[in-house]
Amino acid sequence: MGFITKAIPIVLAALSTVNGARILEAGPHAETIPNKYIVVMKKDVSEEAFSAHTTWLSQTLNSRLMRRAGSSKPMAGMQDKYSLGNVFRAYSGEFDEAMIKDISGHDDVDFIEPDFVVRTTTNGTNLTHQDNVPSWGLARVGSKQAGGTTYYYDPSAGKGVRAYIIDTGIDTDHKDFGGRAKWGKNFADDMDQDCNGHGTHVAGTVGGTQYGLAKSVSLIAVKVLDCEGSGSNSGVIKGMEWAMRDASGGGNGTAKAAGKTVMNMSLGGPRSEATNQAAKAISDAGIFLAVAAGNENMDAQHSSPASEPSVCTVAASTKDDGKASFSNYGSAVDVYAPGKDITSLKPGGSTDTLSGTSMASPHVCGLGAYLIGLGKQGGPGLCDTIKEMANDAIQSPGEDTTSKLIYNGSGK
């Protein structure tokens, strides 16, 4: 396992609008969920106008169902609503072509995007230290040179910072978390556990006692993918919304709480305006968000949320400071981090070694938590701090791609 991919076959090609909302076509290598869509409102739409729109939607759907009762299988209609700050309001659900055309003609709607499947794919002065590290990535982040076996770090180790892992869940009972991991919310299935393993591995790199960069951080599981590592894009966005609200105390006192929060999304796929806007809403709330660049060995501008400029997009490096062969690249990449043959935690108390930009992103998320614990300013600007601290180390990073490899500033 590694990066999480999304795929969307074209199903909207036959639909078009004149003087209406954009109906976005899907990419060429994709797997849509039949008749399911995400409807995104214009940025200036108020909460009151959004409520009025969804009321209109319900009334219109009910009227149509009454007119065609017994003639065909009814559509489920709206299933989820999203409100991330004041910049992203949307809903998702099951609608037929006629209803989509009606929705697209509504003045408050910005665009409509097909919902699709998401799945995993493989491919200082007061320093302390950890000798004979279990994962080479730790030693590399704590050292200026490759080849070390010791992780140098400040003992504050991300204490007082919360890390939200938007993934397949976390084995919160794994002994390496030392009781610092807790369950947040499940948007994938009815099993509040990581029955896939991807999320536990990611969380271990962020904040495991032996395997993590920020060894004192608090970890929160946000499950958006099921036991098969599969879920919907609408479910992922719902998890993003919940994490943002929870990080800000349910919407109260956002600034202070958000500044002490980091999030990781080791997932992505074809470029999605809905995903990018939701990610930007998290950044606009003052939260640091690390995301995987993708594993297709292509320009990350074609992936989401990797292509969103406000997040910290992470490509994968190898043990000898090369670009991992699978890693995406390009101007969207902010930094490189270790991502090939990374050992971390596995549900049930054991460990596993995986490769992918999924493994690189949590190194940056963990470093973000570590730096906030040291007193650095949190939020999206933290990515600039990480880039400034990074070393020019990556050989042949790819066309129009940074050669910066993350470093925690230990002085070693």
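Heads up, the Cβ atoms here are built off N, Cα and C, so glycines get one too.
Features as listed in Swiss-Prot:
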- 1-20: signal peptide (SIGNAL)
- 36-120: domain 'Inhibitor I9' (DOMAIN)
- 135-412: domain 'Peptidase S8' (DOMAIN)
- D167: active site, charge relay system (ACT_SITE)
- H198: active site, charge relay system (ACT_SITE)
- N252: N-linked glycosylation site (CARBOHYD)
- N264: N-linked glycosylation site (CARBOHYD)
- S358: active site, charge relay system (ACT_SITE)
- N408: N-linked glycosylation site (CARBOHYD)
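Everything Swiss-Prot records as a feature, shown here on the structure.
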{"residue": "D167", "record": "active site, charge relay system", "CB count, 10 Å": "31"}
{"residue": "H198", "record": "active site, charge relay system", "CB count, 10 Å": "28"}
{"residue": "N264", "record": "N-linked glycosylation site", "CB count, 10 Å": "33"}
{"residue": "S358", "record": "active site, charge relay system", "CB count, 10 Å": "34"}
{"residue": "N408", "record": "N-linked glycosylation site", "CB count, 10 Å": "27"}
- H198 (active site, charge relay system): nearby recorded positions from D167, N264, S358, N408, Cα cut-off 10 Å: D167, S358
- Which numbers of helix, strand and coil residues does DSSP report for the domain 'Inhibitor I9' (36-120)? 29 helix, 33 strand, 23 coil
- CA pair N408 (N-linked glycosylation site) / N264 (N-linked glycosylation site), Å rounded to integer, equals 18
- Note on the structure: Integer Å value for the Cα distance linking N264 (N-linked glycosylation site) with S358 (active site, charge relay system) is 9
- DSSP three-state assignment (helix, strand or coil) for N408 (N-linked glycosylation site): coil
- Task: Can you grab the distance from S358 (active site, charge relay system) over to D167 (active site, charge relay system)? Cα atoms, rounded to a whole Å.
- Result: 10
- What kind of secondary structure is H198 (active site, charge relay system) part of, going by DSSP in three states? helix
